[in-house]
């Protein structure tokens with residue numbers, strides 16, 4: 001009985017297994033008919049140890065296979081093709097060949113380009129582009145077999161890994177992708193025109209392309225166009241439109257947009273001023289890596305603007321920016337930027353601003369064409385570095401240096417060597433040619449050539465590395481005062497290259513190079529003071545040096561752009577650019593922005609806000625040591641511009657300008673306040689003292705001081721009269737005791753002598769006058785021509 005029951009159970013189990021196998025086979029056939037690209041289950045991907053990753057449509061593998069090409073095994077010439085078999089079964093056959101098949105040969109490995117799927121989606125819509133799978137084109141993708149319902153289709157197939165998969169894109173995503181491709185093309189076209197031409201008409205055309213790209217939400221184009229609208233660069237100035245773009249960029253996480261929005265809130269342009277919001281946006285911009293935001297935060301922490309003053313925080317921000325600036329320094333040097341102060345230019349019209357007049361430039365060009373070597377070298381340097389009203393132009397610099405070098409000028413040879421050593425679009429980089437020019441210049445004793453030759457031996461450019469020769473040439477250049485030689489000597493002593501490490505010698509040569517204005521010398525000194533290497537650590541000194549380096553970055557070129565805008569009469573564009581640079585800590589920009597606001601030349605600032613904003617920037621410029629700004633602060637408090645009248649505060653600012661900068665104007669003002677008793681007790685003697693000090697401090701103050709002293713004498717006399725009783729003075733006066741008992745006779749004699757002298761002088765004057773001549777006959781009146789008189793009838 002038990003045996004029968006066991007057999008019955010066994011028979012039932014066999015029947016159930018057969019029924020299950022039949023249903024699985026039918027399901028597999030149905031699935032194969034629905035889609036030939038569907039995997040039977042998600043386990044086929046999950047079970048692989050070398051599963052790949054798909055990010056934004058790009059394929060990333062964790063295996064050792066190449067990203068660009070994958071080695072796949074070629075299919076056999078004929079695959080078993082039966083109507084009920086699925087693609088998965090074919091793949092399984094190829095992945096696991098029958099070991100018992102003796103005729104089976106290992107497939108040969110071939111190289112095929114890896115196709116990449118375009119974008120991705122998880123929405124489940126069918127894709128609308130043909131894709132390749134097993135060398136066949138298909139028009140559909142499917143989400144079958146995926147728990148997340150995401151579309152997938154194979155773009156290439158790896159028979160070992162079975163895991164290279166791409167995602168299809170929807171029609172909407174495809175349209176967006178095509179739009180972004182068009183926007184990128186517009187952006188690249190605009191940037192090519194913008195960087196390749198100096199003509200304003202072509203730059204305006206470039207911004208038309210950038211505007212089209214910006215309208216398609218191209219991030220970089222939006223950044224360019226928004227700043228152009230803010231500054232009025234080749235586009236009409238529109239602060240509101242710029243603000244809207246900055247807000248859009250900020251929502252997308254653009255550091256440039258965040259920094260610009262912080263600037264608008266800090267300056268109150270297009271929005272209500274809010275230093276708190278400005279600080280937030282500046283912080284986000286800095287976290288995103290924007291260097292201008294780091295500069296702004298560095299200055300704010302250094303000066304304590306809106307935050308607690310912190311030297312270490314300022315050092316962190318400034319050092320980060322200085323690292324970028326120092327790494328961007330080239331051998332030939334960047335463009336030269338003049339820091340022109342508008343108040344000084346107005347107060348002293350004859351002052352040399354450093355800008356060359358067009359007539360003078362043309363005169364030098366005329367001399368250079370006539371063969372004047374000095375003019376050729378001078379123009380070459382002007383065009384190499386730019387500045388002083390001359391645009392940077394390496395082609396012209398190369399041509400002028402060539403002319404002078406052919407004439408035997410060592411300076412021109414050395415600069416040609418620098419241009420070849422650095423390389424550019426105009427001059428191809430060539431160590432051999434650079435070495436040739438450096439040697440010729442060094443043999444003639446030129447320090448620039450000696451320094452260049454030292455660089456060649458130091459870094460092995462065209463020659464074998466030789467530290468002894470490098471040290472020799474750097475010393476020769478440094479002895480002649482060439483800053484590059486001094487800098488490199490300092491670096492060799494600092495790092496112990498070719499010499500024994502000596503921080504004192506390094507500090508000495510870095511100081512010498514910094515006196516010549518070398519940016520890297522400032523940078524190296526800042527590093528030494530920040531770390532306390534060779535010197536006592538000084539955060540304050542390090543911050544000041546790093547700040548100096550940061551202000552030599554490429555963004556400093558906007559100082560000249562703002563100055564040119566001011567000279568062209570575009571005061572709104574000038575003041576906005578100066579305000580942005582003022583936020584970065586440029587003292588020149590702070591004083592110039594305050595000056596434009598003080599003159600009420602910018603219409604974008606309301607009349608009620610002009611003086612308060614000017615006062616703010618005068619204050620920041622004064623804290624950086626600008627004398628005129630300190631005197632302006634005294635004037636604003638004296639007259640009540642942008643603040644209440646406060647004579648005591650005005651007196652403090654004048655005294656600071658007098659003691660720290662020895663300003664004659666401040667001394668004169670202190671004398672006046674002592675004379676009038678404004679903000680301090682009246683003291684005529686101290687007033688005279690300050691007037692005298694002003695006359696000694698400046699020859700220009702002598703005439704005003706003389707007039708002030710005359711007035712002071714009258715004031716002193718009147719004050720003496722008020723304090724003295726005149727009647728009592730004459731009553732107490734004893735003439736007999738003062739002049740003697742016969743003082744009246746002396747007085748009468750003196751009066752008689754004076755009268756006699758006057759009478760004699762008048763008589764002599766009368767005798768010297770010539771006698772009057774008798775009047776001559778009167779001339780006859782001119783005859784009038786007319787008709788003859790008619791005789792009366794008789």
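Yeah, the Cβs are placed from backbone N, Cα and C, and that goes for glycine too.
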Of the ranges 718-738, 739-759, the one Swiss-Prot annotates as transmembrane segment is 739-759
Hey, which of 63, 335, 353, 451 does Swiss-Prot call phosphoserine?
63
Helix, strand and coil residues within the repeat 'Sel1-like 2' (219-254) as assigned by DSSP:
26 helix, 0 strand, 10 coil
Which listed range (183-218, 219-254, 291-326, 627-662) shows the maximal number of Cβ pairs under 8 Å with respect to the repeat 'Sel1-like 9' (519-554)?
291-326
Cβ under 8 Å to the repeat 'Sel1-like 3' (255-290), counting only same-chain residues 6 or more beyond its ends: which ones?
222-223, 226-227, 230, 239-240, 242-243, 245-249, 296-297, 300, 305-307, 317, 576, 579-580, 583, 604, 609, 613
Checking distant contacts: for the repeat 'Sel1-like 10' (627-662), what same-chain residues at least six beyond its ends satisfy Cβ-Cβ under 8 A?
341, 343-344, 347, 590-591, 594, 598, 610-615, 618-619, 621, 669-670, 673, 678-680, 690, 693, 697
Tally of residues which DSSP labels helix, strand or coil - the repeat 'Sel1-like 9' (519-554):
26 helix, 0 strand, 10 coil
Mind tallying the repeat 'Sel1-like 11' (664-699) by DSSP state, helix then strand then coil?
28 helix, 0 strand, 8 coil
